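Structure first, commentary second.
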Amino acid sequence: MSRGRSFIFYFVLFLFFGSSALYSQVTGDLAGDRQALLDFLNNIIHPRSLAWNTSSPVCTTWPGVTCDIDGTRVTALHLPGASLLGVIPPGTISRLSELQILSLRSNGLRGPFPIDFLQLKKLKAISLGNNRFSGPLPSDYATWTNLTVLDLYSNRFNGSIPAGFANLTGLVSLNLAKNSFSGEIPDLNLPGLRRLNFSNNNLTGSIPNSLKRFGNSAFSGNNLVFENAPPPAVVSFKEQKKNGIYISEPAILGIAISVCFVIFFVIAVVIIVCYVKRQRKSETEPKPDKLKLAKKMPSEKEVSKLGKEKNIEDMEDKSEINKVMFFEGSNLAFNLEDLLIASAEFLGKGVFGMTYKAVLEDSKVIAVKRLKDIVVSRKDFKHQMEIVGNIKHENVAPLRAYVCSKEEKLMVYDYDSNGSLSLRLHGKNADEGHVPLNWETRLRFMIGVAKGLGHIHTQNLAHGNIKSSNVFMNSEGYGCISEAGLPLLTNPVVRADSSARSVLRYRAPEVTDTRRSTPESDIYSFGILMLETLTGRSIMDDRKEGIDLVVWVNDVISKQWTGEVFDLELVKTPNVEAKLLQMLQLGTSCTAMVPAKRPDMVKVVETLEEIERD
């Protein structure tokens, strides 16, 4: 009996420690991934911080890191354009055994191909393009049975293209362009391959039959024999004469001049027609449903030309021309190329440019403001971006990054899927998802914006571009203001298009130059915003000339029809009449014609918070 009890005791003890060890192993996986990432970070040069906070969760706060749906393992690492330099520390990334996607392109990484990456058996896509890796590639890829994308373009790899690529039977995309591969191309029988680029190497021989379907352009810039498209034969004038097709040299010269004249004439006509069409398009630009940012942004070739500018200012900033400049704390990791290829949805057009919703490679969604008519120098633009980017307040939408090149000026913000205050106030109708805003939500919008503006004013700055389309809701459910400081970068707003009229409708009467905004003029614009929120009326309404909310509200009040001012949605709310009147009085005081008679934002915040408490 004693022996039986001992057996049961040890068996239970075995189960306890065994299950504890198993539990420790399972829960330790994410900790192991975390340590692998930290070992990678601590052993590689990274002039720009990756913002991997050791005290915060890996899966939700570390830029570039993606975990599985349960948050137990790291499955993707996206660090393109993250300013990583040097050799990848061995035994770091390769410890992420559940990794499926690895993107380290557009950095300054060097050394041989990281052989330990072949240990990543779950890998589906790897992108190491646009770095400085060198040497030959491994020959055996038997462990990469799940790989679909292999992108090694623009490095310094050499040697022959491995015949082992033929074992990557799931491969869909293979890019080895702009390296120094030599020798003949192996016969890669990969029926699932859809994209291939072997251009600009030192390859010789002919194109294998299995790869001819990709066309000659996929193999250009090599020493290959193109059997299906031989180069045109060069026929001398003597041979032409022998065949009875001799034309004298003066005649040829005359024909050439005539042809050139016709060509130049046609080109001139085409340019003029395109210019006229472009001018008309800019005046009545339609709202596209979806487009690529690449259609509007410069190519890498165009951006690279900026480095050749002789301007001293350009030379000083040469190292930053093709970069996305991030601010501290930005939970993003991408470069200009990511923006060029990002899927983009047009959100709206304002007087300072157009806004897009962009989906990045790692599925993160951002809002990109493409600025237009920037008149300041690059130095002044960057200075203003630094000022705006360093405004830190929960009620001011943070500027996450910006791009400053000769061709483009871009600002990157977090994308708000709920939409702006303008959209939520004036959405088309209920069947399109528009839900009328209740009293509490409108009040919290105004409290948040007031606090954000108050903070901006304490920095001796003015916002200058307050309107409902620039107001969003933060994570705490209060208003948040975006796009501060833009008027300083452009010419005065005087145009009569709809976007300009909306800005001018919010403008204080004393402001004759939109670049000369003040805290007092911000308060006037905020007063318009409050009246818009209380009345539910769009300042542009259905009429081209819109309405003057201040005049309309004062007119209604003077006729003692104050109750007619408020949006019906607010009137239906019980027990808020006194609060509505108090907020209306605050709005009208903010829109006083004399700046000195307007309350400051401290007083505005106090009044709004008092209304909320009551």
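One is the number of the first residue shown, and numbering goes on along the chain from there.
Cβ coordinates come from backbone N, Cα and C, glycine included.
The ATP site in Swiss-Prot is built from Leu347, Gly348, Lys349, Gly350, Val351, Phe352, Gly353, Met354, Thr355 plus one of Lys369, Lys379, namely Lys369. Within the chain, the repeat 'LRR 4' (148-167) has long-range Cβ neighbours (under 8 A, six or more residues past its boundaries) at 105, 113, 124-142, 173-190, 197-198, 203.
Taking the C-alpha positions, the distance from Asn197 (N-linked glycosylation site) to Val351 (ATP binding site) comes to 42 Å. Under the three-state DSSP scheme, Ser420 (phosphoserine) falls in the coil class. Comparing CA positions across the recorded positions Asn53, Asn167, Ser343, Ser420, the one lying closest to Val351 (ATP binding site) turns out to be Ser420. Sequence-distant contacts (6 or more apart, same chain, Cβ under 8 Å) of Gly353 (ATP binding site) comprise Lys369, Arg370, Leu371, Lys372.
Secondary structure from DSSP puts Asn158 (N-linked glycosylation site) in a beta strand. Considering only the residues assigned to ATP binding, Leu347, Gly348, Lys349, Gly350, Val351, Phe352, Gly353, Met354, Thr355, Lys369, the longest pairwise Cα distance works out to 14 Å. Here Leu347 (ATP binding site) is compared against the glycosylation sites Asn53, Asn146, Asn158, Asn167, Asn202, and the shortest C-alpha distance is to Asn53.
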